[in-house]
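For reference, the structure is listed below as structure tokens.
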Amino acid sequence: MAVVSSPKPRVHGERVRSARERRVRTRSRRRTERIVVNTILLLIAVLFLVPLAWLVMASLNGTADLRVRVPHPMTLDNFHRVLNADMTYRPILNGLILCGGATALCVVCAVLAAYPLSRYESRYKRPFLLTILFTTGLPITAVMVPVYAMFVQVNLIDTMYGTILFLGSSALPFAIWLTKNFMDGVPLVLEEAAWTDGASSMQTLRRVVLPLMWPGITVVTIFTFLSMWGNFFVPFFLLLSPDQLPASVSILNFFSSRGTVEYGQLAAFSLLYSAPVVVLYAVMSKVLGGSSALGGALKG
Amino acid sequence: MTATYGPGAGTVPRPGGAPSRPGRTRRTLLRGLPVVPSVILMLLFLAGPIAYCVYYAFTDMRLTGASGTHFVGFGNFTKAFGDSNFRNAVELTLIFTVLSSIVGQNVLGLFLAALMRSASKSVRSTVSTVVVVSWVLPEVVAAYLLYAFFRREGELNAILHVLHLPQQNWLFTLPIVAVSLANVWRGTAFSMLVYSAALQEIPAEITEAAEVDGAGRWKRLWHVTLPMIRRSIGTNLMLNTLQTLSVFGLIFVMTRGGPGNRSETLPLYMYEQAFQDSLIGYGTAVALMLLAVGALFSVLYLRLLRTEV
């Protein structure tokens, strides 16, 4: 240290000064960088926001067209017009029956299946899990034509329960995978105590494991329900009679059955149909502790 | 035995000591019992249709006309490759996938995730909320919003007009670009979430060390950040591509595959053949090819995961 500093004190002083300058420069560079980054991000956010803004504005606008405008006149008329049995209540109810039934079927089966997969070793386990994971990747759209043909042959076409069975089954692989991952996080110690007390494995599952993993179950349930609520092509292919269609398909009527499109009503209906999704998603990310956790969970 | 306690680790202590072999088989069956309902459902409604798919693809099954179903060998496939509409659909599917999933969602998602790390907190939460809301909206709603956005009298042209840029009837002149951008709007959030999680896992010391060594921003991105998150990039690309391959509702609502067949990707082509022209056999052959491509990507995805676990 002394060797370095004593022969060239001047250099040392310069170095200190330049270091301070550099720090100041770095700090101001950081500040400009942050401003630039914030501006770019906000610009992108505006691009993402424009279509969403149209949805809200048009739903409140008495004379809505395709542009984003301040509602004039500002009115709830669009909502009054669509809030009737044919346009909103029945499709929403159909959606609830369809997606609720399929979600219940899917989650119950997934929990049952996940339990042995999480708790026991077997030589069938790994191939089974790999098959499940493989199935989650398959494009379900491609299966719809043979499913349609199959449903016509066995008379399940245009039936609510047939569609529920298919929707529930197609969501199963991912639900099993997700549930198993959540269940792996529940420690075994408590179950062992229950086993020692002579509880059967189903009792243990119900009394010990499920209460401990309710956040996981909530996430699986909401995620499954949301993916079905937004699903268009399954009910579109498998249900035919207009009074059975859920909201995801009945929304097409805003275009086809009337000559001119009532954009305000379309927007109002879209908002009503999307509201549960946004609420449930918010609940789910709260349970998961931040939306980034879902990305991690989905990554597998 | 006591050493293997813990989730997924080894066997669970069983009451009653080591049983005989038939007893063990019975116990394995008994333990596997809860899996049975799921297996039955998946066999009936997933494996069944896939098996049907393989079978129908080699027949001339139709919905109308009682002429019966005949085995036609590879007839449907040779017909497909000879059909210019099919080749058009394959091309459009490729364009749609590359443009919207590989370039659009993936790059924009990484860009957003990277920028958010140096943005202020309020901006970060605003941006992620907006992007995530466009992701969670139901597919059909998203499709209508973007339909309104891209129409000739829609908001995009209004913005371009203000900026003095050329306007056009997007859904007519560049339908495949419009639906690809729509898919970017809808799907970027997923990549953004995956990459945000991945970037958070990079230790700060490593990037700092590179900065001290004088590596510039792009060098750091290219030589440090990207190699460290390459697994996430792989998984994300696979999942995006698989999701994009099966997009149906978005395109159906926005353009119905039109005008003509200029945005008719494989799922829409399949739908048109199978239902509008009621050529179930032929439509299934197309579906089988789509399924095969999906299966290929799915296997690649599994391999990626295996190296990760």
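Note: Cβ is positioned from N, Cα and C throughout, glycine not excepted.
Unlike curated records, TrEMBL annotations are generated automatically.
The compositional bias 'Basic and acidic residues' annotation in TrEMBL covers A:11-21. Per TrEMBL, domain 'ABC transmembrane type-1' is recorded for A:92-284. Positions annotated as region 'Disordered' by TrEMBL: A:1-25. According to TrEMBL, the transmembrane segment annotation covers A:35-57, A:92-115, A:127-148, A:160-178, A:208-226, A:266-284.
Relative to the transmembrane segment (A:35-57), the listed stretch A:266-284 leads the set A:92-115, A:160-178, A:208-226, A:266-284 in CB pairs under 8 A.
Against the transmembrane segment (A:92-115), stretch A:160-178 has more CB pairs under 8 A than any other of A:160-178, A:208-226, A:266-284. Long-range contacts of the transmembrane segment (A:208-226) within the same chain: residues 99-100, 102-103, 106-107, 110-111, 115, 171, 174-175, 178-179, 182-183, 185-186, 190-191, 194, 199, 277, 280-281, 283-284, 287-288, 294, 297, each at least 6 residues beyond the stretch ends and with a Cβ under 8 Å from a Cβ of the stretch.
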